[in-house]
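**Student:** Sharing the features that TrEMBL gives for it:
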| type | residues | note |
| --- | --- | --- |
| REGION | 61-128 | region 'Disordered' |
| COMPBIAS | 73-96 | compositional bias 'Low complexity' |
| COMPBIAS | 112-121 | compositional bias 'Low complexity' |
| TRANSMEM | 249-271 | transmembrane segment |
| TRANSMEM | 299-320 | transmembrane segment |
| DOMAIN | 311-470 | domain 'Peptidase M50' |
| TRANSMEM | 340-360 | transmembrane segment |
| TRANSMEM | 372-392 | transmembrane segment |
| TRANSMEM | 404-423 | transmembrane segment |
| TRANSMEM | 435-454 | transmembrane segment |
| TRANSMEM | 474-504 | transmembrane segment |
| TRANSMEM | 525-543 | transmembrane segment |
């Protein structure tokens, strides 16, 4: 065993600096935070207000922003940063004097704390490039969407246009389909028509030909204007946003092809009207559902010449309709697109789609242009229908008459009563009725005009009702029209295809006018009301019991 003779224990100086660490006062974020569904980084939400609804705008900030966005980093980045900062703090505490360490901790806690997500960090299988991908849908929408109003112009307009004696602005809201404009809400201090005319002239002087100013009803207004009528607001939109674009080359090509198809459907209607003269095999193929083998279509060529008068009548009604629109729009300096004709084998055509290519000045102009086309087409159709009735009752024109089933007259209450009063009970109460082709053309023209005057969507009738009674009235009329078409109350067998056509092509109401507040005169409202009433009578079919009582057609079964 060894003996310990001496033991020299040198004093070791272990200097443990222990400081009480105070819990920092973290500043709570003023805005709620969440995590991005793509890169798992923390995002910041901002409430954005649009008319009648609000939603949050989400921004995703990556760690590469160098703290430019309020210290928003990903959860994994926050963990790494916390670890690195902790190590740095420990090293500094050991190597630096206590006051330096205290200053370092103080500076760390003075800044915003890193956001910590409750969800564990996940590693994307696509690699770091996917994690660094930044998503900002609203910035993308701003880049791809319509150009917004310049804030500098808004400030200039508020200084130059609005004032205490005209319109006192109290609030601003987004305006337009995507919030690309500005809606000025406030108190009107004069007669609305005079104030609006003054604003339009001043706007042209201040900003040039850059913006369109709309006078619309104030949304969600709780009371009326003290001077009478609804409270008004003024909306500002860029002209390239508010005005429709020009007609493209492809649209011209499509319109031309549709016109050729409409010519073919009109000729087909003329051939079908000669069903009593057509070869039996052709009639059987088109009337017998069990017929399989198609006949030789060359057999129809001899009947084309005799079908042309009826085709000319149908096309003439369509052209008169469109000319009426253009004649009414020209004095108002309103531009219209080319008509897109819709072919139909039953009536020859369903009419045409004609778009406004400029903003309408007021609601009276909308009513006038909308009614001009149907009135022109109806005038020509009624003339041909009356002439056809007179020729049908003339014994000298027997060779030009065609035999049609008497059941066809039950398709319209108004036209059936007129035919019954002109042709007599004996002629109408039979299996077939001899009539002139002009009468068929007039009947088809009046039916097509009535369909286009239905008060729904962007049809002529819908535009007229919207201009005469307002957008809310159009909604009520539209729901009623869709219900009647769906039940087959109006339109008969054509109610379903016409309803689908409206839903697909013409369901959207027309955009507001520049002056969308000033109401039209009483006589315009009266004309629109009478026109809608006549449309219902024209498209209302006659049921069998009433047809037998009135003598419209031969009813064999009940």
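Going from the start of the chain as shown, residues are counted 1 onward.
Just so it is clear, glycine is given a Cβ too, placed from its N, Cα and C backbone atoms.
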**Student:** In the same chain, which residue numbers or ranges, 6 or more beyond the ends of the transmembrane segment (299-320), come under 8 angstroms Cβ to Cβ?
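**Tutor:** For the transmembrane segment (299-320), the sequence-distant neighbours (Cβ-Cβ under 8 Å, at least 6 residues beyond its ends) are 262-263, 266-271, 273-274, 277-279, 281-282, 339, 341, 347-349, 351-352, 376-377, 379-381, 384, 437-438, 440-442, 444-445, 448-449.
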**Student:** Of the listed stretches 249-271, 404-423, 474-504, 525-543, which one has the most C-beta pairs under 8 A with the transmembrane segment (340-360)?
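**Tutor:** Counting Cβ pairs under 8 Å, the winner is 249-271.
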**Student:** Who are the chain neighbours of the transmembrane segment (404-423) in space, where the CB to CB distance is under 8 Å and they lie at least 6 residues beyond its ends?
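**Tutor:** Same-chain residues near the transmembrane segment (404-423) but 6 or more away: 273, 275, 385, 389-390, 392-393, 429-433, 435, 440, 443, 446-447, 492, 534, 537-544, 547, 550-554.
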